[in-house]
Amino acid sequence: MTEKFRTPSSINRSPDIDAGWAWVIAVASIFAAAISSGVYFTFSMYFPILLNEFEASRAATAWVGSLNNGVYMLAGPIATLFIQRIGCRWTVMVGGMTSMIGLALSSLAPNLVTLFFTYGGITAFGLGLNYTSWIVAISDSFNKKHAVAFSLSQSGVGLGIFVFGPLFSFLISVYGWRGAMLITGACTFQLTFLGALIFPPRIPKEIVSCESLPLANDKICTDEEIQTILNTLNAETPALDNLPTAVSLKWMTHCCWMLHLSCFLWSVATSIPYILLADYARSLDLVEYYIIMLSTMGIGDLVCRLVIGPLVTVWKLDVTKVYAVSQLVCAIAIASFPVVVNGIQMIIQGFLFSVTFGCQCLLLALVPRSLFGSQNLNRIFGITMFFGGIGILIGPPIAGLLVDSTPGRSYWVAFVFASVMELLAAAATIGCLFFAKRKC
């Protein structure tokens, strides 16, 4: 019988890498991202309603949304453990069922504290399992076309904001916030069926035949034949030069910490507008424009995520530099919210913010892969998500406290605070780029 052996690089020649079933996974991830973002980015629609329902302060009510967004990202390391144990497929399916249960329980919540556990905890944990799993699944299914495929998959976020924003507004007006959450739970259950489409790439059955090598014959090999064997094996195995050294580990550690800090500050900054914009629009008597702005933000997010991936691939851009620039522009967009005077300006501001936000969300997963390689993405991205979760956890409550403590309940202090956090995030990203260039 002819012996066959598989080398570490055999997976890269799988018919499901950059082709075949990989694109089925990419398309499924679009709809999964749309459903998740529909829950993640539309809490601001519930915020004013919950303020009136439970008669709590803005800081306390904001904890519901910040817990949801924070646990969503804090679940990254736990999702990594799930993926290592049961794989991306089952992790997504468990996440879909968990989020459904959380939203169903949220629709029965008698007080704000219950929502902290159901909507802020259970629902967010399920969605967090889903988010991390799809990123790893796309990374496992694509190599040369990873940036394009990831850009396509993340376009579902903008699609979700565009579709679910008006849909949730309609559901709340017809069924109330409790009925809307119950129906949303039915939507998140569809993540279970989408996760069932994830399969690991097939490994080619025949990689190298031992009969093609001189050692397969019962004879003494010459020096030339031994060299042929070594050349064949070296072509199929990774170079030992790529193994981490003390110097490489040092710069990688520095880069990791700067990236974690950047994600933390970015999460603090960008979580504030998404939580407070609905209440801010109401304070300006521009509620009717808010729904339009939310859909416009979905379009901006969708277009940006579709475009930035191919641009990075075709023009061979440094994703870390693009990430830093997008953070700087986003800081300007956030700082301009307090000068809004009419509905048209508010829609334009929301669109500009969503474009920069979508760019950062997309690049956040590409930067670790670019700096540390796909083999380290699973571990590093999960920890980065954890730090981002802490930022989202504390950002909206601080902003709500700033609004409540400002005379006349003005929002300008909260938006300026968010803008400063975004500028500091850009500085941390530049620091990460500095260590990556020096590699020390």
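Here the Cβ of each residue, glycine as well, is placed from N, Cα and C on the backbone.
Look at TrEMBL and you will find 22-439 tagged as domain 'Major facilitator superfamily (MFS) profile'.
Proximity of distant same-chain residues to the transmembrane segment (21-43), defined by a Cβ-Cβ separation under 8 Å and at least 6 residues beyond the stretch ends, is recorded for 64-65, 68-69, 72, 92, 99, 103, 123, 127, 130-131, 134, 137-138, 141-142, 149, 152-161, 163-165, 167-168, 184, 187-188, 190-191, 194-195, 197-199, 201-202, 274-275, 294. Per TrEMBL, the feature transmembrane segment maps to 21-43 (among others).
The transmembrane segment annotation in TrEMBL covers 63-83 (among others).
Per TrEMBL, the feature transmembrane segment maps to 90-109 (among others). Remote same-chain residues near the transmembrane segment (90-109) are listed as 32, 39, 79, 82-83, 115, 118-119, 121-130, 132-134, 137, 178-179, 181-182, 184-186, 188-196, 198 (criterion: CB distance under 8 Å, separation of at least six residues from the stretch ends).
According to TrEMBL, the feature transmembrane segment maps to 115-136 (among others).
Within the chain carrying the transmembrane segment (148-174), a Cβ under 8 angstroms from the stretch's Cβ atoms is held by residues 18, 22-23, 26, 29-39, 41-42, 45-46, 49, 134-135, 138-139, 141-142, 180, 183-184, 291, 294-295, 297-310, 312-313, 354, 358, 361-362, 365-366, all 6 or more beyond its ends. Annotated transmembrane segment per TrEMBL: 148-174 (among others), in sequence order.
Marked as transmembrane segment by TrEMBL: 180-199 (among others). Within its own chain, the transmembrane segment (180-199) has Cβ neighbours under 8 Å at 16, 21, 24-25, 28-29, 31-32, 35-36, 38-39, 87-93, 95-97, 99-104, 106-107, 119, 123, 126-127, 130, 133, 137, 168, 171-172, counting only residues six or more beyond its boundaries.
The feature transmembrane segment is assigned by TrEMBL to 257-277 (among others). Proximity of distant same-chain residues to the transmembrane segment (257-277), defined by a Cβ-Cβ separation under 8 Å and at least 6 residues beyond the stretch ends, is recorded for 41, 43-44, 47, 62, 65-66, 69, 73, 290, 293, 327, 330-331, 334, 337, 350, 353, 357, 360, 364, 367-368, 371, 380, 383-385, 387-392, 394-396, 398-400, 403, 411, 414-415, 417-419, 421-422, 424-426, 428-429, 431-432, 435.
According to TrEMBL, the transmembrane segment annotation covers 289-315 (among others).
Residues annotated as transmembrane segment in TrEMBL: 322-341 (among others).
What TrEMBL lists as transmembrane segment is 347-368 (among others). Tertiary neighbourhood of the transmembrane segment (347-368): same-chain residues 135, 147, 150-151, 154, 157-158, 161, 259, 263, 266, 270, 273, 277, 289, 292-294, 296-305, 308-309, 312, 319-320, 322-323, 326-327, 329-330, 333-334, 336-337, 340, 376-377, 380-381, 384, 388, 432, selected by CB-CB distance under 8 Å and a gap of 6+ residues from either end.
Among the features that TrEMBL reports, transmembrane segment is placed at 380-399 (among others).
Annotation comment: TrEMBL describes 411-436 (among others) as transmembrane segment. Below 8 angstroms of C-beta separation, residues 251, 254-255, 258-259, 261-266, 268-270, 272-273, 276, 280, 283, 318, 320-321, 323-324, 327-328, 330-332, 334-335, 337-338, 367, 371, 395, 398-400, 402-403 of the same chain, each at least six residues beyond the ends of the transmembrane segment (411-436), sit close to that stretch.
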Positions whose Cβ lies under 8 angstroms from the transmembrane segment (380-399), at least six residues beyond its ends: 59-60, 62-63, 65-67, 69-77, 79-80, 128, 132, 135-136, 256, 259-261, 263-269, 271-272, 275-276, 364-365, 368, 372, 414, 417-418, 421
Remote residues contacting the transmembrane segment (322-341) - C-beta distance under 8 A, at least 6 residues beyond either end: 262, 266, 269-270, 272-273, 277, 280, 284, 286, 308, 312, 349, 352-353, 356-357, 359-360, 363-364, 367, 411-412, 415-416, 418-420, 422-423, 425-426, 429-430, 433
